[in-house]
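J.: What TrEMBL shows for this protein is this:
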DOMAIN    1-149  domain 'ABC transmembrane type-1'
TRANSMEM  25-46  transmembrane segment
TRANSMEM  67-89  transmembrane segment
TRANSMEM  136-157  transmembrane segment
Amino acid sequence: LTTLFNAGIIPTFLVVQGTGLLNTVWAMIIPTTVSVFNVLILKTFFEGIPSSLFEAARVDGLGEWRILVQIVLPLSLPVLMTIGLFYAVGQWNTFMSAVLYVRDASLQPLQVVLRDLMTEVSSDAPVEADAVVPTVTYRMAAVVLTALPMILVYPFIQKYFRHGVLLGSVKE
């Protein structure tokens, strides 16, 4: 059930307030650091690694730490990149936590700034009947500006999504 429901706005606000994180950047980052969904993705991936791979590594003389560093971490790079992309997109699109926890305008993320800009533009539009640029154009420009950084990051991460993770690791 924790993957479907979180504690709620009020308990989370009280925790953020009690830890002294209000009006800091950390108030937007720390409450969303660990997601049960992402933990389940990692758990499922690690359970899918064949035990014969670990046995072969032990036969070759690798200890537990070397198995972790030389086998498990390289194999888990695609799933870690996927979860990293989930977190990056989630943090980039953070809106509600910024509205709830951050009052300082210099700490507001782009989403809140764009919302304020759109509110300004839409409230000024009826006053200026002969406006040169329609409000829809401003909104679409805001969407492009908001999506552009994630679109630019994706090609660098895409190589981790193309091939099978365990392809060629061990014969069954």
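FYI, residue positions are counted from 1 along the chain as it appears here.
In case you wondered, yes, glycine gets a Cβ from its N, Cα and C as well.
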J.: State the non-local partners of the transmembrane segment (136-157) in its own chain: residues 6+ outside its ends, Cβ under 8 Å from one of its Cβ atoms.
T.: 81, 84-85, 88-89, 92-93, 110-111, 114, 117-118, 121
J.: Are there residues at least 6 beyond the ends of the transmembrane segment (67-89) whose Cβ is under 8 Å from a Cβ of it, and what are they?
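T.: Distant contacts of the transmembrane segment (67-89): 32, 35, 38, 41-42, 45-46, 49, 53-54, 57-58, 150, 153-154, 157, 160-161, 165-166, 169.
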J.: What counts of helix, strand and coil residues does DSSP assign across the domain 'ABC transmembrane type-1' (1-149)?
T.: 107 helix, 0 strand, 42 coil
